Amino acid sequence: MSRKQAAKSRPGSGGRRAEAERKRDERAARRALAKERRNRPDPGGSGCEEEFVSFANQLQALGLKLREVPGDGNCLFRALGDQLEGHSRNHLKHRQETVDYMIRQREDFEPFVEDDIPFEKHVASLSKPGTFAGNDAIVAFARNHQLNVVIHQLNAPLWQIRGTDKGSTRELHIAYRYGEHYDSVRRINDNSEAPAHLLTDFQMLHQDGANKKEKMKTKGVDVKDGLRDDVEDAVHKVGSATGCTDFNLIVQNLEAENYNIKSAITALLQVNQGTGNDAEENHEPGDRVKQRGPSREEAGSGRRLSGNQGRNEGRMETSEARASPAEESKAHKSQLPKVTNKQRREQQRLEKKKRQEERHRLKALENRNGSRDTGRSEADMNTQVTLVKTFAALNI
């Protein structure tokens with residue numbers, strides 16, 4: 001038996017060979033990445049470095065980071081493999097599977113091949129390692145694996161290439177840089193070789209809406225009845241606090257104050273106070289004349305009859321004559337403006353601030369009521385990342 005045959009027959013030799021191939025592939029990837037960085041075009045001096053820093057800052061704001069892959073022509077399949085499996089060692093397999101899918105679905109992809117290149121030549125070239133792959137390969141990969149691919153670009157909205165219309169679809173996030181290179185996108189603290197599980201806020205909104213509808217169906221909640229009860233309760237509280245019995249007036253004030261009960265009560269009290277002041281102003285001149293006339297007559301009669309009547313009666317009428325100016329002064333003060341313009345503006349500012357706080361509180365309650373199911377495991381929550389909601393869809 002030769003040495004080669006003996007080596008093949010030894011137990012565990014296949015595992016060592018696979019490990020050696022894996023290490024060789026990793027070394028080749030590192031060398032290719034270093035070479036790509038050295039040979040990367042640098043228009044305008046440090047333009048590429050600035051682009052990388054800007055891209056990193058953009059992703060960091062979303063809680064994400066770049067995981068670079070070698071720019072050896074296999075970068076797209078390396079980045080997709082890192083997202084799908086946690087590493088990029090199977091990029092050749094992903095490339096071949098993508099090409100095979102394009103051949104099977106030729107009628108979908110042939111119209112998008114350049115006119116002067118036959119489809120057979122295009123897929124034959126794409127199947128070779130190191131051939132740059134474009135959007136048609138991303139669409140084929142997404143459809144073949146029944147998932148969505150989200151592409152990040154610097155200072156641009158996200159592109160979502162949908163491989164399926166099913167809900168709760170897995171997403172692979174990659175970055176397109178320098179106009180020719182793809183990298184993998186990971187959570188900012190993810191340094192593992194586990195598959196990436198990123199989910200955009202766009203998809204979370206659809207899931208939350210579906211979950212909320214399902215909850216409402218199961219609980220039998222009638223939204224209209226609930227809103228009607230809330231309005232009636234608010235009207236009752238405002239009416240009890242202000243003494244107002246005009247239902248329409250209360251509802252108008254509630255609507256004007258965005259159903260802020262405290263603000264509506266304040267507004268109604270101000271309206272009632274203004275109405276009362278107007279009534280006092282309309283009736284007060286006549287009342288003052290009436291008060292002044294009898295007071296003077298009583299004072300005069302008190303002086304005229306002081307000799308004929310007892311001293312006590314004179315004192316009583318004199319005291320009444322003295323009391324009427326005090327009452328007149330009190331009534332006059334009650335009609336003076338209670339607050340200055342500055343105080344009124346400050347009061348309006350505080351009321352506006354209260355209304356804004358109430359609106360924020362209502363929004364917070366809505367968000368809390370529409371939160372995700374508490375039954376979702378903590379591991380699943382750790383794999384969620386909230387991203388921007390701006391999307392453009394690329395469909396072939």
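Just so it is clear, glycine is given a Cβ too, placed from its N, Cα and C backbone atoms.
Per Swiss-Prot, the feature region 'Disordered' maps to 1-49 (among others).
The compositional bias 'Basic and acidic residues' annotation in Swiss-Prot covers 16-41 (among others).
Taken from Swiss-Prot, the feature domain 'OTU' applies to 64-188.
Per Swiss-Prot, the feature N6-acetyllysine maps to Lys65 (among others); the stated evidence is similarity to another entry. Every protein chain considered, the tally of other Cβ atoms within 10 Å of the Cβ of Lys65 (N6-acetyllysine) stands at 20.
Confidence across the region 'Cys-loop' (69-75), taken as the mean pLDDT and rounded to a whole number, stands at 92. What Swiss-Prot records for 69-75 is region 'Cys-loop'.
Long-range C-beta contacts of Cys75 (active site, nucleophile), restricted to its own chain and to partners at least six residues apart, with a cutoff below 8 Å, comprise Val69, His181, Tyr182, Asp183. For Cys75, the entry in Swiss-Prot reads active site, nucleophile.
Sequence-distant neighbours of Lys121 (N6-acetyllysine) (same chain, 6+ apart, CB under 8 A from its CB) do not exist here. According to DSSP, Lys121 (N6-acetyllysine) sits within a helical segment. If you look up Swiss-Prot, you'll see Lys121 (among others) marked as N6-acetyllysine.
Taken from Swiss-Prot, the feature region 'Variable-loop' covers 126-136.
Annotation comment: Swiss-Prot describes Lys128 (among others) as N6-acetyllysine, evidence class similarity to another entry. Following the DSSP three-state reduction, the secondary structure of Lys128 (N6-acetyllysine) is coil. Taking Cβ-Cβ distances under 8 Å and a sequence separation of 6 or more, Lys128 (N6-acetyllysine) has no neighbours in its chain.
Residue counts of the region 'His-loop' (176-181) by helix, strand and coil are 0 helix, 3 strand, 3 coil (DSSP-based). Here Swiss-Prot flags 176-181 as region 'His-loop'.
Look at Swiss-Prot and you will find Lys219 (among others) tagged as N6-acetyllysine.
With a cut-off of 8 Å between Cβ atoms, the residues of this chain six or more beyond the domain 'UBA-like' (229-269) that come close are 351, 354-355, 358-359. The domain 'UBA-like' annotation in Swiss-Prot covers 229-269.
Look at Swiss-Prot and you will find 275-381 (among others) tagged as region 'Disordered'.
Among the features that Swiss-Prot reports, compositional bias 'Basic and acidic residues' is placed at 280-301 (among others).
For Lys290 (among others), the entry in Swiss-Prot reads N6-acetyllysine, with the evidence type similarity to another entry.
What Swiss-Prot lists as compositional bias 'Basic and acidic residues' is 312-331 (among others).
Panel annotation: around the region 'Variable-loop' (126-136), residues 72-74, 76-77, 92, 95-96, 98-99, 102, 109, 112-113, 161, 180, 394, 396 of the same chain, lying at least six beyond its termini, place a Cβ under 8 Å from a Cβ of the stretch.
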